[in-house]
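Shown next, in structure tokens, is the structure this report addresses.
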4 protein chains.
Amino acid sequence: MALTDEQRSEIEAVRAAPHQTVRPTVPAMEALLFEPFPLLDHGFIRVVDYMGGDSAVVQAARVSYGKGTKKTSEDAGLIRYLMRHRHSTPFEMCEIKFHVKLPLFVARQWIRHRMASVNEYSARYSVLDKEFYLPDATQIAAQSKVNNQGRGETLSPETAAEVLSILQRDALQCYGDYERMLDPEGLGVARELARINLTLNAYTQWYWKIDLHNLMHFLALRSDPHAQYEIRVYAQKMIEILKAWVPHTAQAFEEYRLGAYSFSAGMLKVLRRRLAGESVTQETSGLTKREWTEMQAVLEG
Amino acid sequence: MALTDEQRSEIEAVRAAPHQTVRPTVPAMEALLFEPFPLLDHGFIRVVDYMGGDSAVVQAARVSYGKGTKKTSEDAGLIRYLMRHRHSTPFEMCEIKFHVKLPLFVARQWIRHRMASVNEYSARYSVLDKEFYLPDATQIAAQSKVNNQGRGETLSPETAAEVLSILQRDALQCYGDYERMLDPEGLGVARELARINLTLNAYTQWYWKIDLHNLMHFLALRSDPHAQYEIRVYAQKMIEILKAWVPHTAQAFEEYRLGAYSFSAGMLKVLRRRLAGESVTQETSGLTKREWTEMQAVLEG
Amino acid sequence: MALTDEQRSEIEAVRAAPHQTVRPTVPAMEALLFEPFPLLDHGFIRVVDYMGGDSAVVQAARVSYGKGTKKTSEDAGLIRYLMRHRHSTPFEMCEIKFHVKLPLFVARQWIRHRMASVNEYSARYSVLDKEFYLPDATQIAAQSKVNNQGRGETLSPETAAEVLSILQRDALQCYGDYERMLDPEGLGVARELARINLTLNAYTQWYWKIDLHNLMHFLALRSDPHAQYEIRVYAQKMIEILKAWVPHTAQAFEEYRLGAYSFSAGMLKVLRRRLAGESVTQETSGLTKREWTEMQAVLEG
Amino acid sequence: MALTDEQRSEIEAVRAAPHQTVRPTVPAMEALLFEPFPLLDHGFIRVVDYMGGDSAVVQAARVSYGKGTKKTSEDAGLIRYLMRHRHSTPFEMCEIKFHVKLPLFVARQWIRHRMASVNEYSARYSVLDKEFYLPDATQIAAQSKVNNQGRGETLSPETAAEVLSILQRDALQCYGDYERMLDPEGLGVARELARINLTLNAYTQWYWKIDLHNLMHFLALRSDPHAQYEIRVYAQKMIEILKAWVPHTAQAFEEYRLGAYSFSAGMLKVLRRRLAGESVTQETSGLTKREWTEMQAVLEG
């Protein structure tokens, strides 16, 4: 990862000189603000600002003055109610801003979430660092046989080593040529052109700001086992941050989103038959094999 | 306006117990937080939270660590540059949340701005207060003869008085019947139905959260002389708040948006001819009368 | 409802002179284009344009050329797969445009859906018609005792008649005063001001354009029994239109959204215990009473 | 470019079998539908569907029935009025869908425009073609000395040749290793992993759907001389398509956007002084050097 000494001391200076505010404050967030959490081999995520917390969700739901609630227990109940009934607008009332360093191919998946604000490091304006993502050997896997867009079994250590050496060699060569093209004493190519020679595992960074509702939508999709491993590690770290930021909301999110399962109309019919004592098989269920397998996996926990 | 004693003391309690934060803080905003600014006869606007300030705009533009800038003068220049070249994403990095009390017909115009988050007081769930907007006599005007959707000359005091007495009588009667329909001992109609009897000058309230870029877009449109007076007074108050929140941004906004004028291709041709010493009239300008008049008004200041 | 003779003959003229197109066409939609479906007492909805159909969803999912699929059966399966796994972007590839006439209080709920385009009749520019929504006696109900924002039991015919006469009298009086204020020979008030005297059951109209994904999101929320009756009738009519437009998508929507139910993590635990033969009561379930009741209702069909 | 024979004949089959529709139709668009326009060395853009045209803009502005207008001249005037006064919602009533093949680094700039729908070819699911962008020698340029994010002077033919050979060699090597990693008989790496070895000049493709208002916003930004050449060629081709699709709107767009210039408050003061006969220099203007230079360039045409 890459915090220079100067950057570290800037962060420490900011942290050492807190201000007074009458805005809602979340102590657990104050404790982790600015701190980079390392992810993958050169990436990180850090919170650079936040607005509101569980209390702001409750306040908006009540369109109330001041603190708006008397007891925390009532707040938790209200938040669970809002989550369960998909009353999403109160969750839009909180906002968080991250500074993220991530490989380009992860950035390309991430940016598909449109309901967020982004400022990315510009390779037209500046030179990208000599850093590229090389997966840990345990993450180098074969094409999945069941999931057309995912990984299956881990490859042998020998194969993984060969893959790594290919990735490393190509990235280094492309970066070397990038530098050579940029060199004002050499080829002197414009930055916006030279950078097209970089590989997709090069790292970029950005500020990314999103509201709590849309963050949870992002996290539900990107922490899913079907998401690519490399974006999932960012989502998982953000779920930890979510727990620090909005503990009641995070709990309701796990209860009603991450840990929930939507039964289709056909699945509900099967459930009713089974609860009535009938023995149902895939053949008699009216469900496709995929649906049946998925439902069974859920029901078996 | 309507802050109850209880609400006032809640706000005072919050203001009296500030917290420590390492987040960016804007002292001028801390000073005005929660304070309701009265608008129209029963409305108000108050800031309930904010995130970031001029420094956050600069930070995002530089995708930098820590404070990111050395001198305020450079920040101001960068902000002017961003505003002038319509680099809007750094301005999305700041956020503000208002609590607004406003007449329903103003709310209907306001809500057309989609890039914001809203939680409105629900008349399905609660009973609306007995408050309705009655314009000041100086604001009661005839249909404009030049602007198909605006007001023209102020009506005579006698006519204004008659208009006011009509508005008041109808609003009171409708509200009285609303109460009568709601009365559980009387007609006992559901709230969601009874409220359809209210007039459009009844007051509602909401929490409204928006980023700085979209706020300025809203303010440019709604502080315009073509906007209806009753929403304009909210926009003007928010421009004052903008100056407290992000002084450099507000200044650039006035220079490059509010005080700017876009010359069409045809107008540019006229300008060039005039600067070359040619005398141009509307007839020889190639502009429509409306365009000509508007351009002349701008050029005459 | 209000199609003038002139409007009717315009529509007929358009329908009588079809054009040739190589764009994807849905015959069932061609048949209903422009036709107003009456809703409530003076409202309507009509489709004025559409883009794409089931085949466009499939095409986008396959990022393919030309027709992209061989068999309809495969298309249906792919659409079900997309719906089940919440792959929503292919559904954004279809678009529909409605012309809607609706009461103001319904418009206020409708407009909260931000991912759509709207052009509304402007009461600053034009005069609103003398039409206001008066509910059918069967829809005049008491405040619900279980749903804080809904209707409960229907009121007696006598009470309903009284409610109706109140609504009618107030609407007529307000409209009469609106006309009186507008009268250029009389008070001569500007339109933007006079209209604030109208009641919320006055009718407005707009063009509303939305993509298929966001339409289904709207329909899921607004066809729900918790939605207010008056907006639900619009949603239900649009679901019928959906079936004509995109039959495969509509079927998947009913299977995986409208007819589905999301079991929370806690509900899944209860399900597992029950399927294992254990008798579970609300007390031993770990669920709240509301959750238990709702789940039971679903499981009993 | 890459239309296979099969794809070409599919397109021809569709074009040869037009349907009847009562929807608004634009003959000039029917003529160019599906046809790929080649761009860069392997890219293209083609229109795959459209909804509405100039008449739909007018119709929405009038919230009218049927055709809504009598004379084309009035339509053009209304469209100019809407454009000039930034009444943007009627332009949202038209929609267009493109199929685009473009280099990854162009896709990364393009996707920053959030108000659009996208379905992209997935390199997790499929294998990318062996095609990468190699700039024409005339486009290989040095870093600009005045524009920190752009190109300056074209490099010598010898230098350009060397740059090209580097870009080609690295792209080929990376692609070769991509294939080698993918080979199920060889290393057998999952697609989602192997593709991280590709360079940013590899080609991707997507369906991209956007409304007319947001399209013009995109085009204004991306046809600007400050935009990177490689995305500008797509924007310029789309402006040609715009002229075929909505000729009145395109003309107003050129008059009031592309060919217009926004004078800041400070620039307006200078203009007024000059029109009053005063000789103003940069030093006495109150403008920065950059502002002065830019304004002078505009005024000199």
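Every residue gets a Cβ built from N, Cα and C, even glycine.
Binding of dUMP is attributed by TrEMBL to B:GLN109, B:TRP110, B:ILE111, B:ARG112, B:GLU120, B:TYR121, B:SER122, B:ALA123, B:ARG124, B:ARG222, and the same site annotation extends, among B:ARG80, B:ARG151, B:ARG195, B:ARG257, to B:ARG195.
Among the candidates B:THR89, B:THR138, B:THR199, the one that TrEMBL lists alongside B:ARG112, B:HIS113, B:ARG114, B:GLU120, B:ASP211, B:LEU212, B:HIS213, B:HIS217 as binding FAD is B:THR89. Using a 10 angstroms CA-CA radius around B:THR89 (FAD binding site), none of the recorded positions in B:GLN109, B:ILE111, B:SER122, B:ARG124, B:ARG222 qualify. Cα-Cα distance from B:HIS113 (FAD binding site) to B:ARG222 (active site, involved in ionization of N3 of dUMP, leading to its activation): 10 Å (rounded to the nearest whole number). Across the fold, the C-alpha of B:ILE111 (dUMP binding site) and the C-alpha of B:GLU120 (FAD binding site) stand 11 Å from each other.
Within 10 Å of its Cβ, the residue among the binding-site residues B:THR89, B:GLN109, B:SER122 with the fewest other Cβ atoms is B:SER122. For the pair B:HIS217 (FAD binding site) and B:ARG124 (dUMP binding site), the Cα-Cα distance reads 32 Å. Note: the Cα of B:GLU120 (FAD binding site) and the Cα of B:GLN109 (dUMP binding site) are spaced 14 Å from each other.
Of the listed recorded positions, namely B:HIS217, B:ARG222, the sparsest Cβ surroundings within 10 Å are found at B:HIS217. According to DSSP, B:GLU120 (FAD binding site) sits within a strand segment. It is B:ILE111, among the binding-site residues B:ILE111, B:LEU212, whose Cβ has the fewest other Cβ atoms within 10 Å in the structure shown. B:ARG124 (dUMP binding site) has a Cβ environment of 19 other Cβ atoms inside 10 Å.
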